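Record features, source Swiss-Prot:
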type: SIGNAL; residues: 1-20; note: signal peptide
type: DISULFID; residues: Cys22-Cys72; note: disulfide bond
type: DISULFID; residues: Cys36-Cys87; note: disulfide bond
type: DISULFID; residues: Cys39-Cys125; note: disulfide bond
type: CARBOHYD; residues: Asn43; note: N-linked glycosylation site
type: DISULFID; residues: Cys47-Cys103; note: disulfide bond
type: DISULFID; residues: Cys51-Cys105; note: disulfide bond
type: DISULFID; residues: Cys108-Cys115; note: disulfide bond
Amino acid sequence: MTAIFLMSMLFGLACGQAMSFCIPTEYMMHVERKECAYCLTINTTICAGYCMTRDFNGKLFLPKYALSQDVCTYRDFMYKTVEIPGCPHHVTPYFSYPVAISCKCGKCNTDYSDCIHEAIKTNYCTKPQKSYVLEFSI
């Protein structure tokens, strides 16, 4: 009985480590420009979750490509564009942002992802919010 229990625990641990929990997750962001009168709250999806990584002890003897770790990043995404209300005529009022359709564990691609871990920025509006959002798919 103990052997069966131990084997099932090891199997569960192995499957849990092999599975990725990197999925599209709902995210609310606030967008404002200093020249515009209003702030927009945008509901979108981002890639978030856990990816299996390993930290090697012999880092001095490995090439740099072997030291990079997988992150939760976009597999498929599309861009949406919104118009920020209350902008003067000389300011472009459009803001484009990615919407995650599916995610994967992989190397961070700087072409479409911010790969630098920064200090937490404030994610709130400092200006009045406008209640409507115009979206344009690109």
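One is the number of the first residue shown, and numbering goes on along the chain from there.
Cβ atoms are placed via backbone N, Cα and C, with glycine included.
For the pair Cys108 (disulfide bond) and Cys36 (disulfide bond), the C-alpha distance works out to 33 angstrom. Of Cys72, Cys87, Cys105, Cys125, all annotated as disulfide-bonded residues, the residue with the shortest Cα distance to Cys47 (disulfide bond) is Cys72. Secondary structure at the residue listed as 'N-linked glycosylation site', taken from DSSP and collapsed to helix, strand or coil, is strand. Compared over the disulfide-bonded residues Cys36, Cys39, Cys51, Cys87, Cys103, the count of CB atoms lying within 10 A of a residue's CB peaks at Cys103. Separating the Cα atoms of Cys87 (disulfide bond) and Cys39 (disulfide bond) is a whole-number distance of 10 Å.
A gap of 28 Å separates the Cα atoms of Cys22 (disulfide bond) and Cys125 (disulfide bond). Checked against Cys36 (disulfide bond), the recorded positions Asn43, Cys51, Cys72, Cys103, Cys125 differ in C-alpha distance, with Cys125 being the nearest. Within the set of disulfide-bonded residues (Cys47, Cys72, Cys105), the lowest number of other Cβ atoms found within 10 Å of a Cβ is recorded at Cys105. Of all Cβ atoms in the protein chains displayed, 22 besides its own lie within 10 Å of the Cβ of Cys22 (disulfide bond). The CA atom of Cys105 (disulfide bond) is located 32 Å away from the CA atom of Cys125 (disulfide bond). Cys51 (disulfide bond) is 6 Å away from Cys72 (disulfide bond) when you measure Cα to Cα. Note on proximity: among Cys39, Asn43, Cys51, Cys125, the recorded positions of the record, the Cα nearest Cys103 (disulfide bond) is that of Cys51. In this structure the alpha carbons, written CA, of Cys51 (disulfide bond) and the residue listed as 'N-linked glycosylation site' are 24 Å apart.
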